[in-house]
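Annotated domain 'Phospholipid/glycerol acyltransferase' per TrEMBL: 460-570, in sequence order. Taken from TrEMBL, the feature transmembrane segment applies to 21-44, 56-76, 88-106, 169-191, 229-248, 264-283, 295-319, 339-363, 375-398, 404-427, 688-709.
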Amino acid sequence: MYKNQFSLLTKQRFLPLFLTQFLGAFNDNVFKSALVVLVTFVIVNELPVDPKILVTLASCLLIAPMFIFSALAGALADKYEKAKLIRIIKMAEIVLMLLGALGFIFHNVTVLMTVLFLLGVQSTFFGPLKYSILPAHLAEDELVGGTALIETGTFIAILLGNILGVMLIVMPLGSMIICATVLLTAILGYISSCYIPQALPPAPFLGVSFNVVKDTIDIVKFSTKSKDIYLSILGISWFWLIGFVFLAEFPNYAKDYIKGNEQVFVLFLTIFSVGVGIGSIFCNRLVKGRIEATFVPLSALGITLFTVDLYFSTLYVVNHLNTTVLQTPWEFLKSIPNWRILFDVLMIAICGGIYIVPLYAILQHRSAESHKARIIASNNIINAVFMSIAAVVVMIMLKQNYTIPQIFLTIAILNIIVVIQSCRLLPGALVKSIMRMLLQAIYRVEVNGLEHYDKAGERVVIVPNHTSFIDAVLLAAFLPGKLSFAMYSGYAKKWWVKPVTLFVEIFGIEPANPFSLKSIIKYVRQNKQMVIFPEGRITVTGALMKIYEGPGMIADKADAVLLPILIQGAQYTPFSRLKGRIHIRWFPKITLTIFPSEKILVEQECKGRKRRQVIGEQLYQIMAKMLFLGNNLDVTLFEGLLQAKDIHGSQHIIIEDINRQPLTYRRLTMGSLILGKKLAKLTTEQEVVGLLLPNLSATVVTFFGLLAYRRVVALLNFSTGTHNVVLACHTAQIKVVCTARAFIATARLQGMIDALSEKGIKIVYLEDLRKEISTFDKGYGLLACAMPKLFGFISSKNDPNQPAVILFTSGSEGTPKAVVLSSRNIQANKNQMASRVDFSPIDIVLNALPMFHSFGLTAGTILPILYGMKVFFYPSPLHYRVIPELSYDINATILFGTNTFLAGYARYANAYDFYSIRYVFSGAEKLREENRRLWADKYGVRIFEGYGATETSPVISVNTPMHNRPGTVGQMMPGMEYQLSVVPEITDGGRLSVKGPNIMLGYMFYDHPGVINPPLEGWYDTGDIVEFDKEGYITIKGRAKRFAKIGGEMVSLTFVELMLDKLWPEHAHAVATIPDEKKGEQLVLVTTRMNADKADIVRYARANGISELAVPKAIHWVDKLPLLGSGKVDYVAIAQLLKNQFMM
């Protein structure tokens, strides 16, 4: 994972080393520059030798130790503990500075030159230690960042050392000040070295030789054995050659060509040093902490281009310069062409920083641990050789009357060879780095999870989702290394694919030719990485398309792992196939998320077609899980609304109700902000506010308005009656209830309002708030909608894990409980559903399920609104004639309902009323088979049955268009875990407990109002007896509480109800128990079939091999079954009915 390198400066394993090397480099340059100025300006008349010779000698004395002692320094660094050696070297520096101080005080050039040589020796011994200790203390993904900081620190230290050395030595008592400076710096360097953590020696038994020539030749030969290491050393040496030439020639360049004084030279030195630092740090951001040389060719090309421009910009300045007086920096900067020169110098240095850091990181990372220091010593030797050659060649060129700009141009021309060679050694790297920078600039591409890419190994089949035509380019540009892609031969031959082959390898697949697949399997077996899009085509829905098993089969045959990669954002570009479905934008942000690799696991006995099916199913589950995990759950519901507005466009119509006044995202958001502000004045943050409203647009506006101002919304189930609503308000500690006078009058709920008022609960009417809205309020809403971050609606204060919504259990088994859900819970369930079903912004959802029901809230309201699907709200699901007509009128494509409601619609609907419906989802109660067949035969629509609970936000499992098994409730949602507890005397299945991000925060109970009781260790016991088949489909056997024990045998009441549904499908049935003196319990049937006969049930049971224990002993006829607001059978009312009938 990419880490900000600056965080290393807070770590003891890095900071002491950084300070030690910084102070050392600073001290060397203070000493050297002070010495140069001393002999050139201060004591020039006292010297028997030409100062120019002494300055040249000083440079030689610093470089010479690299040739003599590097081999010995590398061997000692590999043999002994590095931190201890560093402390010895820093102690030696104190001694050297004491000696140097005497030289400065007495102006003794011999002593100063000797000390300068010894400082070169000290630096030679410190170099291998500095770079070889970094891999010991830094993680692999920190090495580039650490190296970048070291290089940045080095150049800044060189810059500051040179400037201070020049400034201090010419001051009064300059020699004394220099003495104090170098001594203090040496002491500080030693102190910081004492905090460097220990690094055990990699080769403690290494024999150390003092044969300088032989050892030097040996370590240089050894470094050439590894191609990567040797090429890195040559690249580093070339950088130091360029740097040496520029730094050496800047003084004369500034003076003779652009007529700048010594301060202009310092300006150039500053620009160059800062540029290298910027490039070094920027490099770590470019490669995201990875150790790779992708940007080396591009940065080398940059050096050439900006050096060539420096040559021409210098010619222009020289030809137009009309002064012979040396300019100050201020005078220099007044000329616009001079800015071009400075820009060229800065960019040369930045490109140099980008160029050098990855090469140093490769050198450190890929060197054998036992030879690391000696490899670095070899690098120092070759660096010295390159710089020495550069010095000689530059001297010859100057002797031949070449100008300094011409020398710079020569460097640029020679550097082209380096670019060409690096492109040959890293094929495609230049194109790849250019493509990466372009895509980064256009789409702000973010890559997450690169650590999973590394851990996957070498034998990998990469399986991304397919969102657009630029997917392959994105992967090729931003994933490390040179990738190989498998695609259909027809596409592989397209003209627009040809440019991509410059930096990727493409394998054509012929569906009718098995040998094409075999060649891919063989290729992957050679420890290669292959990219294959499992969907086989670009999505036209925005969701997962059909998943082909091919990539899974290749991974299975090649014994490779699958590496899922999620591409997000590219579907919004013009290169997708979703134009007309979603809001297309030119420059959306694109994210690539790499997930942990997964292995296909199939039993060896599984062969042929069955094996392909199993592999295809596993691959689908991997892709669906990837889609779910790729979503950010840490977003509040109101922030999700703001994101949806940005994604789908503020003018996108998103909700409508029976008043036929559609609301766009902008109007919905503005209305929520305005109304929410009014409600915020009446409540406090995180206060629970009751919502007593039907399915209307105003309800949605109020809902999001409360969430925007961090209020908790409690949706009150008014269908349960006044008593239960009052209990609910007490349980959740509701002090304020929002409602509407029109609704209270229409629903005749004035008695409920009076009861709430008597309990001290404040009733707030939306009609009253609407009258209070002023022009100022509307202006505020407009501005806050346009700039939500500025107004604090997108803020770190918004905690998605805090309570957001409170719903109440149906009361089907007793007193309702308050279920507390967070934004994260609901976001998770919304994303779980969307990862399985191809919902689209062109869908129109007809939602008649009440929002106080979890199914109606999450599936019917929040899911479509946050995914850009228009929702039409209808206030009652019981209007069986109206809702089919409404579906026809609004061209609904998605419908949510319960078995009871869907059966009602089917009875009254015209065969063409549901012509536009794509999907119907059923939940909350068992879907009857005859209802499923009726919808399929009459309307040509499949009903997808699901399963859930209020406590799970609500969906636990659901059948989908791609994975549908009638009679089951589908497969479990991705991201969820389950446990099956053994239930005595139940042989098939067990009691289901589930865990996942969609599980509630907890319950609130009437006895402990306002207190959240979280589920134990995150597990929610559903109380349902279920069975999983081999493919993960769930069959519900019944509720644990809905089993009767008759004569010692367990009988499922749900099973009995299903039997009766098959016997008399046109009627509704419920089975309950009453006490029995002989067998403990007896079954009682409550049915709408007037002439139900027990004898018919007995005959049916015998004909189908069903035990007579499942036959009800008594039958009670009712006109209709009592139902809850959600459409479920009200078993509490059933129990009371039987109690009154049989036990009074």
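Just so it is clear, glycine is given a Cβ too, placed from its N, Cα and C backbone atoms.
Automated prediction, rather than curation, is the source of TrEMBL annotations.
Since the structure is predicted, the reported quantities are computational estimates derived from the model, not experimental observations.
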Stretch-level contact, the transmembrane segment (375-398) and the transmembrane segment (88-106), CB cutoff 8 A, at least 3 pairs: no
Range from 56-76, 169-191, 264-283, 339-363 with the greatest count of C-beta pairs under 8 A to the transmembrane segment (295-319): 339-363
Region pair the transmembrane segment (339-363) / the transmembrane segment (688-709), three or more CB pairs under 8 Å: no
Stretch among 56-76, 88-106, 229-248, 688-709 sharing the most Cβ pairs under 8 Å with the transmembrane segment (169-191): 88-106
Same-chain residue ranges lying at least 6 outside the transmembrane segment (56-76) that approach it to Cβ under 8 Å: 28, 32, 35-36, 85, 113, 116-117, 119-121, 123-125, 127-129, 206, 208-210, 212, 215-216, 218-219, 248, 373-378, 380-381, 383-385, 387-388, 391
Long-range neighbours of the transmembrane segment (88-106), counting only residues six or more past its ends (CB under 8 A): 20, 24, 27, 31, 34, 38, 112, 114-115, 118-119, 122, 125-126, 129, 175-176, 178-179, 182-183, 185-187, 189-190, 193
Tally of residues which DSSP labels helix, strand or coil - the domain 'Phospholipid/glycerol acyltransferase' (460-570): 42 helix, 27 strand, 42 coil
